[in-house]
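The transmembrane segment feature in TrEMBL is assigned to A:21-38, A:77-99, A:111-133, A:139-161, A:190-210, A:230-256. Under the heading domain 'ABC transmembrane type-1', TrEMBL lists A:73-253.
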Amino acid sequence: MTTLDETAPIAAPPRPAVRINWVRLAPLFYTIGLFVLWEVGVRISGLPHTILPTPTRVFEAIVQYWSPIWKNSMQTLYTTVLGFLIAVVAGLGIGLFIGWSKTIYAGLYPIMVGFNAIPKVALVPILVIWFGIGTVPAVLTAFLISFFPIVVNVATGLATIEPETEDVLRALGAKKMDIMLKVGIPRSMPYFFGSLKVAITLAFVGSVVSETVASNSGLGNMMASAQSNFNVPLVFAGLLMLAVEGIVMYALMAWVEKRMTGWAHRSTMAN
Amino acid sequence: MASPLVSIENVDMRYGGPSGTLAVSGLNLRIGRGEFVAVVGPSGCGKSTLMKLTTGLHIPQGGSVIVANSQVTKPVSIVGMAFQNPTMLPWRTTLENILLPLEIVEKHRRRLRSHKSEYVAKAEKLLETVGLKGFGDKFPWQLSGGMQQRANLCRALIHEPELLMLDEPFGALDAFTREELWCVIRDLHASQDVTIVLVTHDLRESVFLADKVVVMSARPGRVIAEHMVPFERPRQLDLLYEPAFNEMVQKLHGEIATARAAA
Ligand SMILES: Nc1ncnc2c1ncn2[C@@H]1O[C@H](COP(=O)(O)OP(=O)(O)OP(=O)(O)O)[C@@H](O)[C@H]1O
Ligand SMILES: [Mg+2]
């Protein structure tokens, strides 16, 4: 605590009812602090707008170009969320399939790792050849880049069922399907919801990369063209919008996670 | 005499292929219907393996395991199992955990939906028996280790198994809770028509509860001695302080020490 307490006696009297919750407010203060530091730093060093604009200049750009920024932000959000949703469905499906048996897990895992090692930027040209430029490759890149963590997490949740739990159920005559439905899937849900936070962040990376090289719309494309016009404040405005969208979606996923798997935060299984 | 419920004849079980660990070898054991058998032996001698062979979780490479007059080739569904580790599912309440076997066992799973309240009443009665009345809607993490173990027992019993297999179920409990649960198990065995196999490291527990104590050799495990427990039922906890009781515990202790040394 950084409050002044030189007057605090040993037996503290009841504090005033209105107390500032510094922990809750910390993110706000730190964000403001960052912007202030940025503003002051740029002004003191005298860097030109074309290299590093001040935040006030960036906010000016946001106001000035609000209509295209809004339109492109929505486009990026749309491609990202769509790619992410496909990744959720496919990731859940593939994860369940891989986690189903130890053999499938062992066989497919290295392939998945190899696939994940490929930089997804390298796939954008192929997607453009197949689907042309625009929304489709952006959605697919977002999907490709974000489905891997979901698969790995779901599969791991399934593949790490305690052998004793399995024994108890098998001794009752449980089929593989029963064990998956009663234990495997509920058990992998915390892993699944936990992976959504990582996946949504990656989805933004995928869609923006694809928009930057192969699209006529979206924040990636807007920033690329602003850059070629030396409109650096607009580039930063795009980055700021991406950051905002990223934070909002991340917070949403964290909230979903907490709502869906509250038990995992209480029990010892959370690991 | 009627044929035994469990009959294990000359069983060999090796883990991990032909060059793997030979866990039990030349194992012979008969368990009569309604009998209470305790299995003791040095650590790693194959007691848990014996449990898994009996329930059909493992199929032996040699010999035969016969349960309820038929050769075991897949998991037999007349058993309830409880391990040292309670393995409660943390996303289900205690009551839902206890009802889990009913969702699996063929006989009950079809009736469960239509007779839900009947089964819930039964689970609540079991909870009351083990001293957990009113804890049904708590989650496992809200229970202490001892309470979880009690709930675990209820789960092993809910589907009225003919054969109850307990693998060191009281290992992690304090002495008082353990004695309390001994009495729960004792009363359960007295009041119901159930056969119980209990694996334990606690020799006093084995003598107090069982009709027959089976001593196993060090790995590869086989049965080296079977002792009938002479004490009259119903047994009270006072029995633990009688000389004859302690004599028997000491004799078992000596046998296991010898078996360990022989390894
Ligand atoms: N799944 C397994 N794979 C390979 N070896 C195993 C496996 N389970 C048990 N074993 C081996 O078989 C032997 C007997 O194991 P088991 O678990 O039956 O012993 P135990 O008598 O129950 O021991 P404890 O009293 O310590 O519980 C041990 O030597 C162990 O190493
Ligand atoms: Mg064991």
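Using N, Cα and C of the backbone, Cβ positions are placed for all residues, glycine too.
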Spatial neighbours of the transmembrane segment (A:111-133) far in sequence, C-beta under 8 Å, 6+ residues away = 98, 140-141, 144-145, 148, 151-152, 206, 209-210, 213-216
Remark   = Sequence-distant contacts of the transmembrane segment (A:230-256), meaning Cβ under 8 Å and at least 6 residues beyond its ends, amount to 49-53, 57-62, 65, 69, 72-73, 76-77, 80-81, 193, 196-197, 200-201, 204, 208, 219, 222-223
Remote residues contacting the transmembrane segment (A:77-99) - C-beta distance under 8 A, at least 6 residues beyond either end = 105, 108-109, 112, 135, 138-144, 146-159, 180, 184-185, 188, 192, 195-196, 199-200, 203-204, 206-207, 210-211, 218, 245, 249
